[in-house]
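**Student:** What TrEMBL shows for this protein is this:
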- 9-82: domain 'Cation-transporting P-type ATPase N-terminal' (DOMAIN)
- 62-80: transmembrane segment (TRANSMEM)
- 86-105: transmembrane segment (TRANSMEM)
- 251-271: transmembrane segment (TRANSMEM)
- 277-300: transmembrane segment (TRANSMEM)
- 702-725: transmembrane segment (TRANSMEM)
- 779-798: transmembrane segment (TRANSMEM)
- 843-863: transmembrane segment (TRANSMEM)
- 875-895: transmembrane segment (TRANSMEM)
Amino acid sequence: MKSADLLTSAHTESIQAILDKVESSPLGLDESVAQARQKTFGPNQLPEAVSPSIVSIFIRQFKSPLIYVLLLAGVISLAIEAFSDAAFIFVVLLINAGIGLFQEYRAEQSAQALKSLAAGHALVLRGGEVFDVDARILVPGDIVLVESGAKVPADLRLIDSHDLSVDESVLTGESAVAHKDATLSLTAETPLADRDNMLFAGSLVNTGRGRGVVTATGLNTELGKIATSVLGRVATKAPLIVRMEKFTHRITIVTGLVCVLLVGISVTQGASLTSMLLLAVALAVSAIPEGLPVALTVALSVGMERMAKRGVIVRRLVAVEALGSCTYIASDKTGTLTVNQLTVRQIQFPEQDQWGVSGEGLEPEGEIRATTSLDQASADLLVSNLAQTMTLPNEAVLSQRDGQWEGHGDSVDLALLVFAHKAGVSPTQCLNKCPEFAMIPYESERQFAASLNLVDGQLKVFVKGSLERLLPMCNTMRCADGEKDIDPQTITQQAFNLAARGYRVLAAANGLLDIEVNANASHELTTEQLQGLCFVGLVAMSDPPRPEAAMAVANCRAAGITVAMVTGDHPQTALAIAREVGFADKPNEVVTGTQLQEAVSAGQDQFDVLCRGARVFARVEPQQKLQIVESLQRQGHFVAVTGDGANDAPALRAAQVGVAMGMRGTDVAKETSDIVITDDNFSSIVAGIEQGRLAYANVRKVIFLLISTGAAEVILFALALMAGLPLPLLAVQLLWLNLVTNGIQDIALAFEPTEGNELRQPPRPPNQGVFDKVMLQRMLLSAIAMGTVAFGTYYWLLKAGWSVEGARNLVLLLMVMFENLHAFNSRSETQSVFTMNPLKNKLLLFSVIAAQLLHVGAIYTPGLNEVLGLQAINWQEWAAMLVIALSLVLVNEAYKVWRVSRTQSLP
Ligand SMILES: Nc1ncnc2c1ncn2[C@@H]1O[C@H](COP(=O)(O)OP(=O)(O)OP(=O)(O)O)[C@@H](O)[C@H]1O
Ligand SMILES: [Cu+]
């Protein structure tokens, strides 16, 4: 097989013809063949949208209105032949662009790194064995298995399908579900959307199972052919960033007006128009928080990186912000709150006590302790009947490789296979002896799996699943002394007792089907046929809670976040786990899917009342998850919901934070989620919330610093103007001030580490904006303190007989100190600077020290000091300015003390 476009008409060929064409077999390719083909066909991937180069990011920096303003200033300086000023302005311009480049490049980098974490995978059959592989290694001829929730990794001609339906909207744009059938034969003219014996790369499997042979990979797939239109999609900006861009816009306009006013007044007082224009530009540059949107992007992407380290992959930047304001986590049980290592511990047959099963993990070593007066032979018969019924409708694979047991597939199914081994039933032998004719695969909304097998020349069905579903299928039950009429009460009580101990309980049933056996015809198995069966027994599996879950739940409580469990499992099992983990205790905190169903017909209010009191939602169908999320949202909650299956997608989409499981989750769940938890662990969600809150707090710190310092400069100038004094700073001095105090420090604040109290406060009200009362109070207070003190100092210096140049020199030093110290004030809204270790944010410390050194350096650099109008300063003057500057710290400290005492005196 050589040419890539051999197979454009794969849908017209028979399965055998296709397999021949791609030189493959139902057992799949051999590894060596596959590797050779990869050389011919290349990796199965679409070209990535290229990330912008450094050069293009650099060029982009010059496309901002602020830069135009600066350019204008440079040109004006040239026009009035102030060449050194002009040179300085151009240097500032370059440095500003450099800082912007650094910031944007960083944000871009972390976005890229996260993208590569999300590579697709596929189940491939090679040399008769199933492997879970990186989808990029697929080649034409590979046999690929798909199941509900999966994303199709390449174009496939189906060779086998069960109840298979897919969403092909990426390709066809139609959101209707397409039903697929391997047995169809189609004509060449069949349009893409109707090629129902094919699966196309990029489509999502809604229900069922399928198996197909790869006919095209990478750019040769139907998706590849339209790939250019799918690529190049721009990432959406976080709403917070958009709000801040708008905000910056508004400030720009206000500052612009102030500047115009300033120029107007000064000119009427006799200043020269050009020099005033220059100053207006400089003031605008300093006061406008132009770095804000980028600094915020950095803060959010730093949050994103930190979350990635804690196992939380953020798929949309908005989730960083959203995670921070979560008030409710609706979590899965299995694998999230529990370790997802299921082990069969107890089995129970009608009219018998519970029998223990020993052994741990996947190692099929262990025995069944039959506590009974039965003879060995009768006990063995019961056990092997149960083991067989658990083994046949089972999709997991348990195999021994190099002496190690390895499992693949659903963890419930795996535990059952391990149990079968312990019971002396080998799954492979069993399947050879009783070939499978049809199957109803397990889907969580069905709560059972069934298979139709040929046993001793007769067709027999085997069913395993929840007792609630199986009981109505059974008329009789298998006892040691034969088949009897079923006793549903006793069996239900048995299951209840097992569930109350936290076990996940599965029931088994089987029975002969009254159908003519025809080995050649294909048999169908439908749910309607599952009737008149014989109940076999119960299996109880333990799945211990994750050791860290209890701690994480306690953290949630301290953080004012409600935790609840949404599970398809038995209410007793769910409550037992919830008790162990510590978020529910009383039986009335459990609500079942049936109760919810009834409440729906009783009306929305009834439903909301039910949801409000519940901490455990049990026997819930996946579709009900959406109703639960919507009800919680109606009650004002900001909901994070977890999900793993295809049918969790609506709930994941509706919730403010959709959390998909990285290990257990299907592709569909991951694609619709906002964040993915790589280890499926509940405590990772809590860690994500902590980081989300921190990121949001850091965003506030950046905003606080930039706005309050900008406002301070405006106040200083306004006061000087009102007092009729000469302007307190030259244009170049303002630019210098902006350069040494803002560029790096705001970014440094984005890296601020945790204060340790993120999870010890209630969640931020979701509708509360950044500029709440605290923010406004602090900003006004700081800006007024800086502006008036700087003005007072200037005023006093002039009155004391200093020259204007000398006074400006000191005021500039004071402002540099103010703004540098203010960076430390910004580190926390509640904690005193004196209790915060400055080494915890080395970038901030370094940038502040660098700013001071730069300023001192500039004073003694010939040429530069002339341009900036700087003069040497003796140490007394220096110390005096520092003491004055410290007043700002005192004001901020006083505010923190006042606020903390106030919040503590509240109830
Ligand atoms: N592999 C399986 N085969 C047959 N029945 C199963 C299987 N797995 C689970 N069940 C039945 O379906 C019920 C629901 O299980 P499911 O795994 O869907 O719950 P879930 O909603 O995913 O819960 P959790 O939050 O615990 O993951 C179980 O209680 C069990 O009775
Ligand atoms: Cu068998």
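Using the three backbone atoms N, Cα and C, a Cβ is placed for every residue, glycine included.
For the listed features, I'd like the structural context: burial, neighbours, distances.
**Tutor:** Summarised as a single figure, the pLDDT of the domain 'Cation-transporting P-type ATPase N-terminal' (9-82) averages 80.
Within the chain, the transmembrane segment (62-80) has long-range Cβ neighbours (under 8 A, six or more residues past its boundaries) at 86, 89-90, 92-93, 96-97, 252, 274-275, 277-278, 281-282, 284-285, 288, 290, 731.
Long-range neighbours of the transmembrane segment (251-271) within the same chain, counting only residues 6 or more positions beyond its ends whose Cβ lies under 8 Å from a Cβ of the stretch, are 65, 277, 279-281, 283-284, 287-289, 707, 710, 714, 717-718, 721, 724, 727.
Among residues of the same chain six or more beyond the transmembrane segment (702-725), those with a C-beta under 8 A of the stretch's C-beta atoms are 244, 251, 255, 258, 262, 265-266, 269, 283, 286-289, 291-292, 295-296, 299, 734, 737, 741-742, 745-746, 749-750, 770, 775, 778-780, 782-788, 790-791, 794-795, 798, 811, 815, 818-819, 822-823, 826.
Outside the transmembrane segment (779-798) by six or more residues, the chain places 704, 707-709, 711-716, 718-720, 723, 725, 728, 804, 806-808, 810-811, 814-815, 818-819, 822, 825, 881, 884, 887-888, 891-892, 895 with a CB less than 8 A from a CB of the stretch.
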